[in-house]
Structure formats: C-alpha cells, structure tokens
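The structure under discussion appears below in the form of structure tokens.
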C-alpha cells in the first residue's frame, strides 16, 4: 500500500514538471508584447535617460547624415535665398537601445517616441525660415535596429541664404550651400559625417524654372570655431547654372530690335525732321524703360552686371542715332547761316561807307543833296564808296549743295558704321561672358 502511494506521488510530480516545462517552452516561444518591450527598452523601468548622450564621458557620437531633395526652387535674387524641400536622415548608434528579446531585426516606431530617446541637436546654419510637415500626420520616421542603430528621418521645407555674385548675370553660375551644424555639442561629444553611399540624392525629374542643377556633388566639412568651443559642421554645395531663354526673349532681343529700329532714321530724308526726331525720342524712351525693367527684379548692388553693360551700350547707340540727326540737320542748315553772315557783312560795310560822307544835318539840309549858289542841286556822291553786289545765284546754290552733300555723307557713313560697331561690340560681349568668364567660373 505504501509503495503504491509513493508511485502515485512520483507520477503526479512527473506530470507536473512536464506541464511546467511545456508552459515555459511555450512562454519562451511567444515574443514579449510590444508595449512591455518598449517600456523595458526605453521606459522608466529601463533606466534610459534621453537627456544624456550615448557613450557619455566617452568617445563622441558619430552621426551619419544624408538628404533627399524633393523639390528645389524659388531662387530669389532680391533676397538672395532659395527654397528647398528635403528628407533629412540621421543615423547613429545608441548602445542603450540594443536589444535581443524581440525577434525583429528593426522596429519602426511612432514619431511620438522621439521624445523618449536622445537626438542630435542639428540645425541649419544658413537657414532663414523652415517648417515641418504634418499632413496627414507628422512626416517623421524613427527606426531602431537590434545593434542599437537609430535612424531618424524628417521632411522639412527650408529657406536658406544663398549669397550670389551677379557680375555675369544672366549668364552666371551660382553656388548655394546648405550647412548642417551642431548647436550645443562640441566635437568632443558629437561629430557629423556625410553618408558614403549617397549623401545627396535628387528626386527623378526634378527641374528648375531658370536654372540647371549640376549633377556633381560638392560635399565639404566646415568645422566652426566659436567662443564656446569647436563645433562639427558639414555642408553641401549646389551649383546652379542659369538658363538664358527667358532673358533672351524678354531683354536681349527686344533691346536689339530697338537699336536696329533707331538706325531706320539714317534712311529717312533729312528734311523730314518730325519723323526722324520722333523716331529717335521714341527709341530712347523705350530703351530707358527696357533698361529700368531689367533692374526691377535684381538687388541694388554696387558692381556692374553683364545685363547692365548690354543695356547701357544699347541706350548709347540709340541716343547716338538721335544725336546723329542733330549733327546732320545742323550741317545741312549751315549754308543758310553762312549766307546770313555774308549779308550782315555787306550791310556793315555799307554802313561804314556811309559814315565817311559829309553830314549836313546840322545846317538843315539832307545828306543826299547840296543846294548850289546857282540853284542847281548837287547830289552827294562818293565815287570811292564800294558798291554792293549780290553774289551770283549759282554761288549760293553751289554752297547749299556743298553743305547738304556733307550732311548726306554723314548719313551714309552712319548706315555702315553703326551696325559695324554694334556687331564688334556683340562679338566681344558674348565671347567675354559666354566663353572666357564661364571657363573661369568652372575652374573655381
């Protein structure tokens, strides 16, 4: 009886142990609930403190950065800035977030968990304005890997300062930078690095209205030294080549046509003063308006731009065409002035000859006659006085033709000289700005 009781007891204990082992095996096979796992990983019971950086009092945290450009545009010359929409991705290792209790290799967490972990204090050094995106939810991504690697991605729109050199405008190439810098951590605590696999990526089909974004990536390091210490800084440079299509249609071609229109006056008769003066004044005023319009969308800089030189030379040619007619008209009328001068000289000589005769006005007798004793009237006559004779009509006509011929010769020379000089200016202008200066910019 006693042996039977012992046998039953051993049987019960055996089955109890087997059941407990099976329960333990089932418990080990089923993963920990996510909420419990997260509380254990970064909750209050975990001892994780988001205020303390990884490797505290140890080596600096290396943060690898890369950006994906969604859109690039709104490049403003007046304010010298540009607008860009990007995905900013930062990746670093936090040993405190390494785990082995959960089977997944990585965890994609809700953006609200970002407040529970440590993050780099990255900011954009040349930022003038920025905003996050919250439609339809916060555009943020947080991913934690088993080895403690943290990926933090965020979508932001930035307005960044871009100092521009407009000397070659509108044939310029601008370099706009994006600087990523640590605000509070010195290089003893935090270091930014560009991702070697793809630091800067651009969306397919990205186009700009006035610029071409060069494909080559210019990535640099720009460590900053302040009174508070040495801070890590990385920068990306975007090389933007301006497209001339808009400016050719809106500025260069209209001003070129205005200059050519001013040359029409060289083929108009010099006697048609209203037509030539009206054409000259109209082209000058139009060119002035065109020149003012070219500067309306540009900042007030102290140096001369390429478009300023073009507009100034075009205005000079148009104004010179107006002055050319003034010179032609002046020379054509010189024969009348010369005849008027000769007429005044003859009158002056006649007056001088009259002053040499005797004047009997004091005796009550006229200067023309003298009463003799015998009653005969003696007419005053001075045989030595020069007699005035008008120049022959042929001489006047020849003089008129001479001056008109000179005036016409100026018009004839202007018909060739103005286009030729303007052509030479164009050759030098386009060679200088499209070839020579363009090569200098690419070398830099």
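Glycine is no exception: its Cβ is also placed from the backbone N, Cα and C atoms.
Remember, it's a predicted structure, so these values are computed and weren't measured experimentally.
Non-local neighbourhood of residue 226 (strychnine binding site): empty, since no residue in the same chain at least six residues away has a C-beta under 8 Å from its C-beta. Under the three-state DSSP scheme, residue 226 (strychnine binding site) falls in the strand class. The strychnine binding site annotation in Swiss-Prot covers 226, 227, 228, 229, 230, 231, and the record cites experimental evidence as its basis.
Its own atom aside, the Cβ of residue 176 (disulfide bond) has 23 Cβ atoms within 10 angstroms in the protein chains shown. Look at Swiss-Prot and you will find 162-176 (among others) tagged as disulfide bond.
Sequence annotations record features per position, and here Swiss-Prot assigns disulfide bond to 222-233 (among others). Neighbour count (other Cβ atoms within 10 Å of the Cβ, all protein chains): 18 for residue 233 (disulfide bond). In three-state terms derived from DSSP, residue 233 (disulfide bond) belongs to an extended strand segment.
Feature annotation from Swiss-Prot assigns N-linked glycosylation site to 62. Its own atom aside, the Cβ of residue 62 (N-linked glycosylation site) has 14 Cβ atoms within 10 angstroms in the protein chains shown.
What Swiss-Prot lists as signal peptide is 1-24, and the listing cites sequence analysis.
According to Swiss-Prot, the feature site 'Important for obstruction of the ion pore in the closed conformation' maps to 285. Non-local contacts of residue 285 (site 'Important for obstruction of the ion pore in the closed conformation') by the CB criterion (under 8 A, 6+ apart in sequence, same chain) are absent. Following the DSSP three-state reduction, the secondary structure of residue 285 (site 'Important for obstruction of the ion pore in the closed conformation') is helix.
Annotation source Swiss-Prot lists topological domain 'Cytoplasmic' at 269-273 (among others). Among residues of the same chain six or more beyond the topological domain 'Cytoplasmic' (269-273), those with a C-beta under 8 A of the stretch's C-beta atoms are 325, 328-329, 332, 404, 407-408, 411.
Per Swiss-Prot, topological domain 'Cytoplasmic' is recorded for 327-412 (among others), and the stated evidence type is experimental evidence.
Annotation source Swiss-Prot lists transmembrane segment at 247-268 (among others), citing experimental evidence.
The transmembrane segment feature in Swiss-Prot is assigned to 274-294 (among others).
What Swiss-Prot lists as transmembrane segment is 306-326 (among others).
Sequence-remote contacts of a segment are chain residues at least 6 beyond its ends whose Cβ falls under 8 Å from one of its Cβ atoms, and for the transmembrane segment (413-433) they are 168, 171, 259, 263, 266-267, 306, 309-310, 313, 317, 320-321, 324. Marked as transmembrane segment by Swiss-Prot: 413-433 (among others).
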Long-range Cβ contacts under 8 Å made by the transmembrane segment (247-268), restricted to residues 6 or more beyond its ends, are 170, 275-276, 279-280, 283, 286-287, 290-291, 293-294, 307, 310-311, 314, 317-318, 321-322, 324-325, 411, 414-415, 418-419, 422
Among the binding-site residues 227, 228, the one whose Cβ has the most other Cβ atoms within 10 Å is 228
Can you give the mean pLDDT for the topological domain 'Cytoplasmic' (269-273), rounded to a whole number? 86
In whole Å, note down how far the CA of residue 231 (strychnine binding site) lies from the CA of residue 222 (disulfide bond). 9
Candidate nearest residue 229 (strychnine binding site) in space, where candidates are the recorded positions 62, 162, 176 and distance is Cα-Cα: 62
Taking only the CA atoms, the spacing between residue 176 (disulfide bond) and residue 227 (strychnine binding site), expressed in whole angstrom, is 27
At a 10 Å cut-off from the C-beta of residue 222 (disulfide bond), count the other C-beta atoms across all protein chains. 14
